[in-house]
């Protein structure tokens, strides 16, 4: 066993290094491309570090009249869909974890099927419903569509966290006079706060990065940043430099957000992993 440990450790570090390279190299290429002139985008052989750097791609993107509105739209859509996912997912997860229903596992599996449904299958029904109700150019269709996929995710995440909390704590609270809802709010939720934070973070990431539903279900007044990035693709030209700058600006808020909440995310994902 002693001889195998260095080999195992080297193998683990190699896999991690390859995963980091696979993840970070495309992001680094986009970052460098955002500072290149248009002529340098197609240089052969490709140049990682061009001789000339420019900020005109960022200037053009920031100069787009729809940038501020799309940024606000992304924030609103992400916030609303995350709130709805937690508002509906937390009580449902608590019920599936605490109440001894005969078909609780079946219900949980049906909920999971909704999350596993390919988005391309659901985009047309949501589009037709929005057109029929006359709410196409509003936040409602995209928020409901994102919630449709985020709620099952929140239910499955929070159900596992609730199952880690001893029932005796709630029973003691109810003996002291708390109702079921009060025991949930005052006893259980504070204990699963790391898990709740992790769930909200992941739901926010899902909503922020969504493109397909955002492309189909939003209009000119409600389109978020991922759709705005696509606007730089035309029939005659693809503005690679501006698209690269737009991509960096789009992912930057989530990178900063992830760095700020990484401790909560790790605590939430590892909650209950050790007894």
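Count begins at 1; order follows the chain as displayed.
Yeah, the Cβs are placed from backbone N, Cα and C, and that goes for glycine too.
TrEMBL tags one of the stretches 109-133, 159-183 as transmembrane segment, and that stretch is 109-133. Put simply, of 12-32, 71-97, 139-158, 187-208, the stretch with the most CB pairs closer than 8 A to the transmembrane segment (240-261) is 187-208. Note on the transmembrane segment (139-158): residues 73, 76-77, 80-82, 84-86, 88-90, 92-94, 96-97, 108, 111-112, 114-115, 117, 119, 122-123, 126-127, 129-130, 192, 195-196, 198-199, 202-203, 206-207, 210, 213-214, 217-218, 222, 224 of its chain, located 6 or more positions outside it, place their CB under 8 angstroms from a CB of the stretch. If one looks beyond the transmembrane segment (71-97) by at least 6 residues along the same chain, the residues whose Cβ comes under 8 Å of a Cβ in the stretch are 104, 107-108, 111, 139, 142-143, 146-147, 150-159, 161-163, 184, 188-189, 196, 199-200, 203-204, 207-208, 214, 218, 222-226.
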